[in-house]
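K.L.:
Sharing the record's features from Swiss-Prot:
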CROSSLNK  20  SUMO2 cross-link
CROSSLNK  21  SUMO2 cross-link
CROSSLNK  99  SUMO2 cross-link
CROSSLNK  117  SUMO2 cross-link
CROSSLNK  125  SUMO2 cross-link
CROSSLNK  144  SUMO2 cross-link
CROSSLNK  158  SUMO2 cross-link
CROSSLNK  189  SUMO2 cross-link
CROSSLNK  214  SUMO2 cross-link
CROSSLNK  276  SUMO2 cross-link
REGION    9-221  region 'Globular domain'
REGION    16-38  region 'Disordered'
ZN_FING   222-244  zinc finger
ZN_FING   250-272  zinc finger
ZN_FING   278-300  zinc finger
ZN_FING   306-328  zinc finger
ZN_FING   334-356  zinc finger
ZN_FING   362-384  zinc finger
ZN_FING   390-412  zinc finger
ZN_FING   418-440  zinc finger
ZN_FING   446-468  zinc finger
ZN_FING   474-496  zinc finger
ZN_FING   502-524  zinc finger
């Protein structure tokens, strides 16, 4: 090796290298049991490791019998005979990638004698003068030896200095190996798989990113210590545990409301921004969530996905199916002695009989109000505590009862699952349908004791009775005027705000109430 070559190798910048190799005859080395063809293509070298021993198969160094130790590596591209499944020890086969501690340490292929394609070995690299055309190898042994001779020592010291500067600048460890399209014997694969299991998934023969074998099998290795629920990813477990700890790290800057997940915050912020990215292609109605759009689109498609198992009748909504299935429940062995109404469960009969007896065993400690069921008491107590655990994701409105939330959400989805069999009019609540059907039947069960006027709904009777008793519970904060109905107060407040939501389509005149708009329409009819 000439002094110019040594200096070029020592001062060479770090970068990918290609070393040309001439065709050579097969050679035998001590410790070689057998040989087979090794096909290695596109071997790339990229990351820092310590003290790789390499050798030059040149005549000058071969005569001296020297082994040169460098903290560098090369790119090999060779096709030749190599020992099969045998350790080379300290011997070096020119042009062949031998088993090394680099491969062993980083969990990649260290088996010789296999046909390998696209092997990317990420170790440090330097440039070699291609004029020499001398094949370099990575030896089995990784050693640090004092360089022999002053010239070689100076060259190695410069190479080490460049390497240390590179490591300090990058501050990264790129030691990883990717093996693609690797054809290995089954015995070797089994050995490597055992290593993978022992390492807990950190060691993997697979190409690309490291994968945990437990998650590949559909298992859920991350378990909540509170409730025992399992997750396939640790990140999902962290989010889940916030349910138990009450942690809500994602806070809205507009209103201060906090959420467990960032996705919930994004949906919530659309209330303030007014953004509705999910638009119905049929009618143009927009929604803040894709789930609400899906429910809405059933109105247009009339898709009936909920089928009855008894008669195969299909419905668009689960609530419609649940109501229909009551038709098939014929066995009602628990009958009320007072009114003859039957029930499928004795507990339902006991609760029903309290209507006749007037028994209300569940009383509120704050106000003394009593209820026939404990569930009703729990909901009532929230009126004292102010607790509203059920929140609408669309607009953020909260409710003390889950059933109230379900009814409210139909405002956003436009769902009206209760249809009148007489006229086909649909309603979002069953109670509204029952009241409506009394128009057809003429049933007016709620009668005023003062004047004898009857009504289809108890709330209508309550409002009417305020005429007799003079009660006006709804007061305007601006002027102090009081009203018998909340709707009357809402209309009145528009006189202060100037809001006029009802607009005439013909002339553009706007009004504070629908009744005023209807009165205005009559002027156009006269014309």
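Placed from the backbone N, Cα and C atoms, the Cβ positions cover glycine too.
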K.L.:
Counting by DSSP, what is the helix, strand and coil composition of the zinc finger (222-244)?
P.N.:
11 helix, 4 strand, 8 coil
K.L.:
Could you give me the DSSP helix, strand and coil counts for the zinc finger (250-272)?
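P.N.:
Going through the zinc finger (250-272) residue by residue, I get 11 helix, 4 strand, 8 coil.
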K.L.:
Ranking 278-300, 334-356, 362-384, 390-412, 474-496 by Cβ pairs under 8 Å to the zinc finger (502-524), which is first?
P.N.:
474-496
K.L.:
Six or more residues beyond either end and a Cβ under 8 Å away: which residues meet both conditions relative to the zinc finger (278-300)?
P.N.:
267, 270-271, 316-317, 393-394, 412-415
K.L.:
Would the zinc finger (250-272) count as touching the zinc finger (390-412), i.e. at least 3 C-beta pairs under 8 angstroms with sequence separation of 6+?
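P.N.:
With 3 or more qualifying Cβ pairs, these stretches touch.
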K.L.:
Taking 250-272, 334-356, 418-440, 446-468, 474-496 as candidates, which has the most Cβ pairs under 8 Å with the zinc finger (362-384)?
P.N.:
334-356
K.L.:
Take the zinc finger (446-468) and find every residue of the same chain, 6 or more past its ends, with a Cβ under 8 Å from one of its Cβ atoms.
P.N.:
435, 438-439, 484-485
K.L.:
Please give the sequence-distant neighbours of the zinc finger (418-440): residues at least 6 beyond its ends with Cβ less than 8 Å from one of its Cβ atoms.
P.N.:
323, 407, 410-411, 456-457
K.L.:
Count up the helix, strand and coil residues in the zinc finger (362-384) according to DSSP, in that order.
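P.N.:
Helix/strand/coil tally for the zinc finger (362-384): 11 helix, 4 strand, 8 coil.
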